[in-house]
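Listed in TrEMBL for this protein:
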| type | residues | note |
| --- | --- | --- |
| DOMAIN | 1-182 | domain 'Plant heme peroxidase family profile' |
| BINDING | P22 | substrate binding site |
| BINDING | H52 | heme b binding site |
| DISULFID | C59-C86 | disulfide bond |
| BINDING | D102, T105, D110 | Ca(2+) binding site |
Amino acid sequence: MIKTGRRDSRGSYLGDVETLIPNHNDSLSSVISTFNSIGIDVEATVALLGAHSVGRVHCVNLVHRLYPTIDPTLDPSYALYLKKRCPSPTPDPNAVLYSRNDRETPMVVDNMYYKNIMAHKGLLVIDDELATDPRTAPFVAKMAADNNYFHEQFSRGVRLLSETNPLTGDQGEIRKDCRYVN
């Protein structure tokens, strides 16, 4: 459960956020290190990456796994599907060509992401690393097998994130409506 009464900033810090959140090209070790530096353990990190279950990846960010040769860690039939979604090795970065991380339940936060990556159907290199790295593979297997366990760990991870680096004293404000500055 997320605690209420947290102070929110009165302004946006998009630039700071983009430097603090791992991106799609980061290695698993880097992602684990980033989350660990703010007090989030490996198990919660694996769960938070499950947010990819409702995500999508633009072709410009995944064609390196398809061209000039298909990444051998990808399921061959899945790779062919991805090539249909992303037919060019040099997609227009302004085009909205993408593939969803989860074709079965694309708009549901569930454990299908973990089932997919265990079947070598992850879009990003980190997906494959998550399923095969000895630090994370046991958590991936457990989350793939048990949706309730995934939801418990995902909730715990979100709670840990919400408690990271809180504003104190007269910094920020407690919002009357979380969508708007008071």
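Glycine residues also receive a Cβ, built from the backbone N, Cα and C atoms like all the rest.
Per Cα geometry, H52 is the residue among the recorded positions P22, H52, C59, C86 nearest to T105 (Ca(2+) binding site).
Taking the centre of the Cβ atoms of D102, T105, D110 as the Ca(2+) site, the nearby residues of that chain (Cβ within 8 Å, site residues left out) are S53, V54, E104, P106, M107, V108, V109, N111, M112, Y113. C86 (disulfide bond) and D102 (Ca(2+) binding site) have their C-alpha atoms 16 Å apart, to the nearest angstrom. Long-range Cβ neighbours of P22 (substrate binding site) (same chain, at least 6 residues apart, Cβ-Cβ under 8 Å): S30, V31, T34, F35.
Of the recorded residues, D110 (Ca(2+) binding site) and H52 (heme b binding site) place their C-alpha atoms 10 Å from one another. Set side by side, the binding-site residues D102, D110 differ in how many other CB atoms lie within 10 angstroms of their CB, and the most is found at D102. Take the CB of H52 (heme b binding site) and look out to 10 A: across all protein chains shown you find 24 other CB atoms. Counting Cβ atoms from all protein chains shown, T105 (Ca(2+) binding site) has 15 others lying within 10 Å of its own Cβ. Recorded residues C59 (disulfide bond) and D102 (Ca(2+) binding site) have their alpha carbons 15 Å apart, per Cα-Cα distance.
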